[in-house]
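Enquirer: Can you keep this structure in mind? I'll have questions shortly.
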Amino acid sequence: MGICASSEQLEHVHETDESIVYVKDEQGRGGRGVESGGARKVASLFSQRGKKGPNQDSVILCQGFGMEDGVFCGVFDGHGRCGQFISKLVRDYLPFMILSHRNALLLADAAADDDDDAAFSDDAAASSSADSSGNSSPQPSASASAQMLEEWRQACASAFAAMDGELKLQPNLDCAFSGTTAVCAIKQGRDLIIANLGDSRAVLATMSDTGYLQAVQLTVDHKPSVPEEAARIKRSGGRVFGLKDEPGVMRVWLPGENSPGLAMARSLGDMRLKRHGVIPAPEVTSRRVTGADLFMVLATDGVWDVLSNEEVVSIVCATPRKQHASKAVVEAAVQRWRAKFPTSRVDDCSAVCLFLHDHTLGTAAAASAAAAAAARKARRASTATPPAS
């Protein structure tokens with residue numbers, strides 16, 4: 001799948017600043033900039049520009065993805081001079097590249113199954129007269145569900161690599177020191193597939209056995225401070241260290257240059273760092289949705305830098321109308337930025353709340369008091385230095 005974005009298209013993206021896209025089906029039909037009534041039934045999306053320039057965050061929701069009631073949602077946080085263009089291109093193309101790779105795997109599996117069935121039929125016919133007791137069908141090596149999850153895992157890994165390659169080929173897009181994070185969730189029936197790279201995050205709200213609401217982090221923040229990430233970068237010749245005025249924030253630097261100082265260890269784009277350990281490979285995990293799982297929140301680091309997982313979950317629970325949940329999360333993050341870091345510029349903040357059951361907020365309301373108490377405790381935490389940009 002080749003893509004080509006003209007300079008006019010990129011300028012249009014910049015001028016309209018359409019950070020949110022809603023797609024009704026996998027053919028790409030849908031709307032931009034607003035949530036439709038259909039979107040409100042399953043998710044809430046919101047993005048707000050910070051004080052650092054154009055909004056480099058992008059958000060998408062696709063319904064009818066992979067199956068009739070399938071859902072894809074994603075949050076992308078661009079960085080660098082062309083970050084806003086890259087995050088929007090990835091938002092617009094990555095979901096359908098994942099679907100294309102998955103469909104290719106399905107076709108390959110179907111062809112292999114046809115060959116196996118033909119071979120098995122020939123073997124069975126040849127041996128039936130010699131051993132009538134050997135008629136039992138061969139047992140599958142894995143369940144259909146496990147096979148489906150593996151197909152999605154492979155599709156995500158392949159699509160992320162292909163997307164990174166397509167960015168490199170864009171003649172009107174400088175990806176040398178610009179790129180984007182990506183955190184995506186695919187819901188297929190009761191199965192969730194989460195693909196993540198960079199420092200955006202996915203958090204699940206679930207009820208404990210004792211009736212308390214819990215925030216479960218589903219992804220790892222791919223920062224250079226993570227030992228495994230730092231080791232890979234150093235093996236590839238990259239350098240990892242923090243600046244004197246922010247020693248706790250590890251950044252990635254080229255071998256012989258004090259640039260670019262990237263605050264994440266994985267990304268799409270950032271081509272100058274690809275040979276030095278900054279990889280486009282997502283971490284793909286899966287989870288079977290249970291009756292205790294209520295909703296999940298995908299958000300950029302503009303949210304997570306100032307709000308804890310527990311606070312975000314409690315904010316969603318305390319929102320009377322679920323279509324306003326993501327806006328409530330973003331507005332709370334902006335308020336926290338202003339209160340906690342009054343001399344710093346507020347970062348772009350974006351969130352998607354994906355509701356896993358129709359009764360999500362009604363059930364969660366019963367536990368919101370406990371979650372709110374946890375949030376109040378978190379808010380009393382001492383102030384810290386401003387997070388990395």
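Placement of Cβ uses the backbone N, Cα and C atoms for every residue, glycine included.
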Enquirer: From D92, D109, D293, D301, grab the residue that Swiss-Prot records in the same Mn(2+) 2 site as D77, D347.
Expert: D301
Enquirer: With Swiss-Prot as the source, which of 38-64, 119-145 is set down as region 'Disordered'?
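Expert: So the range that Swiss-Prot calls region 'Disordered' is 119-145.
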Enquirer: Which chain neighbours of the Mn(2+) 2 site, leaving out D77, D301, D347, have a Cβ atom within 8 Å of the mean position of the site's Cβ atoms?
Expert: D57, T181, D199, S200, T300, G302, V303, W304, D305, D348, C349
Enquirer: For the C-alpha pair, I'd like the distance in angstrom between D77 (Mn(2+) 1 binding site) and D301 (Mn(2+) 2 binding site), rounded off.
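Expert: Computed Cα spacing between D77 (Mn(2+) 1 binding site) and D301 (Mn(2+) 2 binding site) is 8 Å.
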Enquirer: What Cα-Cα separation, expressed in whole Å, is found between G78 (Mn(2+) 1 binding site) and D301 (Mn(2+) 2 binding site)?
Expert: 11
Enquirer: In the predicted model, what is the mean pLDDT computed over the domain 'PPM-type phosphatase' (42-356)?
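Expert: Mean pLDDT, the domain 'PPM-type phosphatase' (42-356): 91.
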